[in-house]
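Novice: Please read through the structure below; I'll follow up with questions.
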Amino acid sequence: MDDRELKEFWHSILRALQPLIKRAEFLTWFGNTTVQNFEDGVLLLAVPTMFYQSWINTKYMPLIVSEAKRLNADVKAVKVIVDSTLVGQKKDLALSAQTATQDGRKPQFMKKEIVESGETSSLNPRYTLESFVVGQENQLAFAAAKAVSSNPGQAYNPLFIYGGVGLGKTHLLQSIGSEILRKFPRKKVYYSTSEEFTNEYISMVQRKRASSFKEKYRNLDILIVDDVQFWGGKEQTQIEFFHTFNSLYEAGKQIILSSDRPPREISNLEQRLRSRFEMGMLVDIQPPLYETKLAILLTKCQEKGHLLSQDILEYIANNTGNNVRELVGVLTSMLAYIDLQGKMPNLEDVAKIFDRSMKPEKGASGSSSLARQSRTLNENDILTITAEEFNLAPNDLLSEVRKREILVPRQMAMYFLREELQFSFERIGEVFGGKNHTTVMHACQKISDQIKRDKILVKHYNAIKRSLN
């Protein structure tokens with residue numbers, strides 16, 4: 001095969017694989033994969049890191065070989081090699097989205113100010129549908145966003161996206177605005193937070209320019225408002241937005257809203273406004289699962305052109321809560337360390353960076369993650385999962401046996417009771433048959449120290465953490 005035929009063959013394989021693999025996984029693991037050679041029946045692929053190589057060999061190789069042989073009977077095997085020059089390169093997927101507008105014109109990001117107002121800003125071009133990592137937790141919201149982007153004012157109006165803090169609502173909202181402008185450059189698209197809307201309304205009323213405010217908002221094609229839960233109790237803002245909503249909706253214009261909770265749970269929200277919010281499409285975004293968190297980390301590493309080892313990525317994915325913003329924040333700290341120190345952090349460095357990044361905020365009741373506040377884990381879950389990881393029975397952990405093969409898992413269970421459930425040392429001692437708090441404190445400290453440098457123990461720790469999540 002010449003280069004063109006080889007590339008076409010690989011793209012044929014990708015087209016065959018795409019329906020068999022989740023979109024997020026497909027884009028993450030095959031986005032930077034290239035075909036190198038086909039000789040003596042061996043198809044040679046290249047990936048940017050050993051992490052990719054290991055993951056593809058473990059998870060997808062049987063599928064790749066099967067489809068390659070189906071498309072070309074001369075294929076005997078598929079081999080994956082590492083080519084670090086692929087890091088950060090543009091994705092080479094035959095089925096990736098087109099980037100031109102529908103009429104071929106270059107899109108212009110509209111300034112936030114349409115008529116004179118106190119502020120100007122633009123949609124953030126970093127937020128795109130392409131860069132949004134899709135998992136089963138957010139795939140319905142993503143599908144609705146794509147539908148609205150293709151048919152604004154017709155599909156799902158209004159679109160109301162809700163979910164916890166830091167799960168990607170703002171990314172998705174801004175992505176819709178950017179995608180609409182890309183496809184329909186003449187559309188008037190406006191993005192605002194609910195607080196900005198309120199402040200602007202108050203300012204215009206004080207300056208006796210309420211008519212300008214109405215003209216601005218009621219002549220839009222697409223209105224996007226983030227975090228509308230803050231309108232609870234703000235009666236005048238609700239009245240103004242109610243009339244704005246009606247004006248836009250009756251004119252067939254698209255309205256897109258987000259909140260940290262569904263409309264029925266927003267306190268002090270007028271019933272007539274609540275009913276407007278609920279008359280369209282309501283979709284939620286759930287906290288990311290382990291696989292999605294890992295995909296997000298890999299995507300961010302690609303964007304920044306950095307390599308991180310599998311152990312480090314798994315450590316971050318396993319030890320952060322369900323907040324994507326928190327996840328990316330920890331990764332940013334890791335990458336900053338590499339830039340400043342000029343070296344890859346070891347596990348001990350990672351633990352220190354992680355501890356600094358994850359210090360609990362005041363008022364967090366000792367929890368370093370918003371997600372931990374909503375977990376329903378109990379002590380039996382932790383004992384069972386820890387015991388299973390070490391091929392033991394839960395009762396073995398509660399026994400008085402001091403053999404190392406039981407002592408270390410017992411200490412690990414104590415550590416997780418402290419970390420996940422915030423049990424006091426005294427309470428953990430009670431769980432383990434009345435051990436004193438000094439013994440428990442020593443056990444927790446020992447595990448905390450060992451997981452910073454013991455790779456085998458880190459693997460056990462990561463596996464337990466993943467099961468608990």
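Backbone N, Cα and C atoms are what each Cβ position is placed from, and that goes for glycine too.
Just so you know, TrEMBL annotations are computer predictions that nobody has curated.
This is the feature table in TrEMBL:
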BINDING   G166, G168, K169, T170  ATP binding site
DOMAIN    155-286  domain 'AAA+ ATPase'
DOMAIN    378-447  domain 'Chromosomal replication initiator DnaA C-terminal'
REGION    1-93  region 'Domain I, interacts with DnaA modulators'
REGION    122-338  region 'Domain III, AAA+ region'
REGION    339-469  region 'Domain IV, binds dsDNA'
Novice: For the recorded ATP site, enumerate neighbouring residues of the same chain (Cβ within 8 Å of the Cβ centroid of G166, G168, K169, T170, site residues themselves excluded), in sequence order.
Specialist: G163, V165, L167, H171, L172, S258, I285, V324, R325
Novice: Please work out the mean pLDDT for the residues of the region 'Domain IV, binds dsDNA' (339-469).
Specialist: 78
Novice: List the same-chain residues at least 6 positions away in sequence whose Cβ sits under 8 Å from the Cβ of G168 (ATP binding site), in sequence order, or say none.
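Specialist: G168 (ATP binding site) has long-range Cβ partners F132, N138, I285, V324.
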Novice: Counting across all protein chains present, how many other Cβ atoms fall within 10 Å of the Cβ of T170 (ATP binding site)?
Specialist: 19
Novice: Including all protein chains displayed, how many Cβ atoms other than that of G166 (ATP binding site) lie within 10 Å of its Cβ?
Specialist: 21
Novice: What are the non-local neighbours of K169 (ATP binding site), defined as same-chain residues 6+ apart in sequence with CB under 8 A from its CB?
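Specialist: Expected: I161, Y162, G163, D226, S258, I285.
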Novice: Treating G and I as helix alongside H, and B as strand alongside E, what does DSSP give for the domain 'Chromosomal replication initiator DnaA C-terminal' (378-447) in helix, strand and coil?
Specialist: 52 helix, 0 strand, 18 coil
